Amino acid sequence: MRLPFTKMHGAGNDFVVLDATRAPLDLTEAQLRHLGDRHFGVGADQILLVERTATPGVDFRYRIFNGGSGEEVEQCGNGSRCFVRYVVDKGLTDKSTIRVETLNSLLELRLQNDGRVTVDMGAPVFEPARVPFDPSGLEPRVVADSPLWPLDVNGERVEIAAVSMGNPHAVQVVTDVDTAPVATQGPAIESHPRFPRRVNAGFLQVVDRRHVRLRVYERGAGETLACGTGACAAVVAGIRRGLLDAVVDVETRGGRLTIEWQGGDAPVLMTGPAVTVYEGAIEL
Ligand SMILES: N[C@@H](CCC[C@H](N)C(=O)O)C(=O)O
């Protein structure tokens, strides 16, 4: 099968985007991993599948697969911005505000005049069972509004906030992201037994109340240049600890995202770039 695709990125988090709006596309995990493979395939952190939906009031469905593992996941922030750029550029819609369903959420996305995209990512979830995170037998240190859970990681004690943005995140505060143990702790946290569906591991450096630096070791993909849901989870965790204001610029290794959260049940708003790199086709 010859499969056309579009290569895109959002702040350096890169995607192979596939059009399944005209005919269904059923790919195996092995084919998805091949698309994600940087040596033998196209190479991408995630594969995005754009579909139509019959759900009333919803314009599209988009499905997300991690490029390293081929598994389907619930949410992808940078991918959602690329999804909007894709459906607008391909003429699949003429709307500038688009509603899309993912595996477990409904998102509203707006293309801005400057080409950036703002996404209503919904409200964050902290209830451990819904992250999901197993806190049994652990005593959290509570700072302001936020329980910080002690985790044993490679024999060290690490304090994390457990947050779901539709997908699971473990966020820890570090003094300097450049020297943070992302490569060693990242995989250990990703597969930590207290996260039954595994987890994305965030390392957050607070520069000031409106500016942070962030690295994320992603579930099923390894460290990426940016993680949109990771940025939302990290800012929300920082706000709950009383470290950050409601609007924060997040500097990642691939670009800058702006995250806004007014607290409580308010949705998290994420704004950032979405760029098409090239079009291609691959034999699968
Ligand atoms: N890069 C993404 C997140 C993709 C999914 C993640 N690896 C997971 O398994 O939950 C983003 O921009 O949010």
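Cβ coordinates are placed from backbone N, Cα and C, and glycine is handled just like the others.
Caution: TrEMBL annotation is automatic and unverified by curators.
Feature annotations, reproduced from TrEMBL:
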type	residues	note
ACT_SITE	Cys76	active site, proton donor
ACT_SITE	Cys227	active site, proton acceptor
BINDING	Asn13, Gln46, Asn66, Gly77, Asn78, Asn167, Asn200, Glu218, Arg219, Gly228, Thr229	substrate binding site
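Cβ neighbour count within 10 Å across all protein chains ranks Cys227 highest among the active-site residues Cys76, Cys227. It is 7 Å from the Cα atom of Asn78 (substrate binding site) to that of Cys227 (active site, proton acceptor). Following the DSSP three-state reduction, the secondary structure of Asn200 (substrate binding site) is strand. Cβ proximity to the substrate site centre (mean Cβ of Asn13, Gln46, Asn66, Gly77, Asn78, Asn167, Asn200, Glu218, Arg219, Gly228, Thr229, cutoff 8 Å) flags the following additional same-chain residues: Asp45, Ile64, Val73, Gln75, Cys76, Gly79, Val216, Ala221, Thr224, Cys227, Gly230. Across the structure, Arg219 (substrate binding site) and the residue listed as 'active site, proton donor' are spaced 11 Å apart at their Cα atoms.
Less than 8 angstroms from the CB of Asn13 (substrate binding site) sit Asp45, Gln46, Asn78, Gly79, Thr224, Leu225, Ala226, Cys227, Gly228, Gly254, each of them six or more residues away in the same chain.
In this record, substrate is bound by Asn13, Gln46, Asn66, Gly77, Asn78, Asn167, Asn200, Glu218, Arg219, Gly228, Thr229; the longest C-alpha to C-alpha distance in that set is 16 Å.
Remark: of the binding-site residues Asn66, Asn78, Asn200, Thr229, the most isolated position is Asn66 (fewest other Cβ atoms within 10 Å of its Cβ).
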